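Peer 1: Okay, here's the structure, questions in a sec.
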Amino acid sequence: MWNSSDANFSCYHESVLGYRYFAVIWGVAVAVTGTVGNVLTLLALAIRPKLRTRFNLLIANLTLADLLYCTLLQPFSVDTYLHLHWRTGAVFCRIFGLLLFTSNSVSILTLCLIALGRYLLIAHPKLFPQVFSAKGIVLALVGSWVVGVTSFAPLWNVFVLVPVVCTCSFDRMRGRPYTTILMGIYFVLGLSSVGVFYCLIHRQVKRAARALDQYGLHQASIRSHQVAGTQEAMPGHFQELDSGVASRGPSEGISSEPVSAATTQTLEGDSSEAGGQGIRKAAQQIAERSLPEVHRKPRETAGARRATDAPSEFGKVTRMCFAVFLCFALSYIPFLLLNILDARGRAPRVVHMVAANLTWLNSCINPVLYAAMNRQFRHAYGSILKRGPQSFRRFH
């Protein structure tokens, strides 16, 4: 069943005559949604000042990889399913296969970079600007495409139409063992690395939450002693205290506005000193101080409330990052498992097609996540759709 169709480029099979129409409808929806959503994302990154961060260039890179697939490659996939025949020749079949796997590899590499950046921002904020400097970001962006192309270019002669999935891909038998190694590196090692980084992020968030919980208890104890007897003000003391917590709110700490994909991070205020470690230290320092002025209690309470809200900000980021990663992984896991468990191609052809078509989701889902979980992206999308060209003048 996995034999390539290099002679007539046909993927005709009686068992998929009905399913192909569903695949065509699904493919058109993915192409339209992905193209519109990813174009809106690029425009939002270009015109929204708070989204113009160095780190968000990774989001742009992920968006370009998705746009390559949705806009350029997906229409040919739809046409092939509609006619059950590849109609653009052998050379473009090879080009299609190379671009397809380049897009996938760039997406995985970018997701790894985003996860690494998010982890450094939380756990090692002083290291973040060194790794993700302007030069480092450019090298990472260019490197992801160079690595993607060069890793799959050696398969040029084995890119053919694979009838079981009705797509130009590499011939599984002729490409071994190189293809097995590549798939292991990108989809097993790559996705596992992303998962590990997000587990580490979750652990850092929990540590910060525990530290701020301790700070809250200490704060309550201090206020009780304050009400009992301390009435004398200490000039300038609250200003120092407020600058330690209140000013390190979401814009300077871990932003609740995600990236990318994903995603993950938008970094509305891209501060290199942000992170769970920084906020945790601030909470611990403030917990050691006293609050002597009763008449300034409302301001102090507001500052403390912003400090104790930090874990929820961390939680939003973690949930967003996990959602982007989860959507990407879930779109590929059925296809990967099916290829491992059904190496001899005994499963019905329609099962292979359904699993392959599910992978299309990862190229169009990220803009939906950005709109649903990111206020800045949501506002930028809305402004572009409502105002059109006027939105460009508005954000300059």
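In case you wondered, yes, glycine gets a Cβ from its N, Cα and C as well.
According to Swiss-Prot, the protein carries these features:
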TOPO_DOM  1-21  topological domain 'Extracellular'
TRANSMEM  22-42  transmembrane segment
TOPO_DOM  43-57  topological domain 'Cytoplasmic'
TRANSMEM  58-78  transmembrane segment
TOPO_DOM  79-94  topological domain 'Extracellular'
TRANSMEM  95-115  transmembrane segment
TOPO_DOM  116-135  topological domain 'Cytoplasmic'
TRANSMEM  136-156  transmembrane segment
TOPO_DOM  157-180  topological domain 'Extracellular'
TRANSMEM  181-201  transmembrane segment
TOPO_DOM  202-320  topological domain 'Cytoplasmic'
MOD_RES   SER221  phosphoserine
MOD_RES   SER224  phosphoserine
COMPBIAS  253-269  compositional bias 'Polar residues'
MOD_RES   THR263  phosphothreonine
MOD_RES   THR264  phosphothreonine
COMPBIAS  290-308  compositional bias 'Basic and acidic residues'
TRANSMEM  321-341  transmembrane segment
TOPO_DOM  342-352  topological domain 'Extracellular'
TRANSMEM  353-373  transmembrane segment
TOPO_DOM  374-396  topological domain 'Cytoplasmic'
Peer 1: The transmembrane segment (22-42) vs the transmembrane segment (136-156): three or more C-beta pairs under 8 Å (separation of 6 or more)?
Peer 2: no
Peer 1: Which sequence positions outside the topological domain 'Extracellular' (157-180), separated from its termini by at least 6 residues, show Cβ-Cβ distances below 8 Å to it?
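Peer 2: Counting only partners 6 or more residues beyond its ends, the topological domain 'Extracellular' (157-180) has Cβ contacts under 8 Å with 1-6, 9-11, 13, 16, 20, 23, 77, 80-81, 84, 86, 90, 93-94, 96-98, 100-101, 339, 345, 349, 352-353, 356.
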Peer 1: With the transmembrane segment (321-341) as the reference, find which of 58-78, 95-115, 136-156, 181-201 contributes the most Cβ pairs under 8 Å.
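Peer 2: So the stretch in question is 181-201.
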Peer 1: From the DSSP assignment alone, can you count helix, strand and coil residues within the topological domain 'Cytoplasmic' (43-57)?
Peer 2: 10 helix, 0 strand, 5 coil
Peer 1: Could you count the residues of the topological domain 'Extracellular' (79-94) that DSSP puts in helix, in strand and in coil?
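Peer 2: Helix/strand/coil tally for the topological domain 'Extracellular' (79-94): 11 helix, 1 strand, 4 coil.
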Peer 1: Could you pull out which residues elsewhere in the chain have a CB under 8 Å from any CB of the topological domain 'Extracellular' (79-94), counting only those six or more residues past its ends?
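Peer 2: For the topological domain 'Extracellular' (79-94), the sequence-distant neighbours (Cβ-Cβ under 8 Å, at least 6 residues beyond its ends) are 5-6, 8-13, 16-17, 20, 23-24, 27, 156-157, 159-161, 166-168.
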Peer 1: May I have the DSSP-based helix, strand and coil counts for the residues of the topological domain 'Extracellular' (157-180)?
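Peer 2: Counts, helix then strand then coil: 5 helix, 8 strand, 11 coil.
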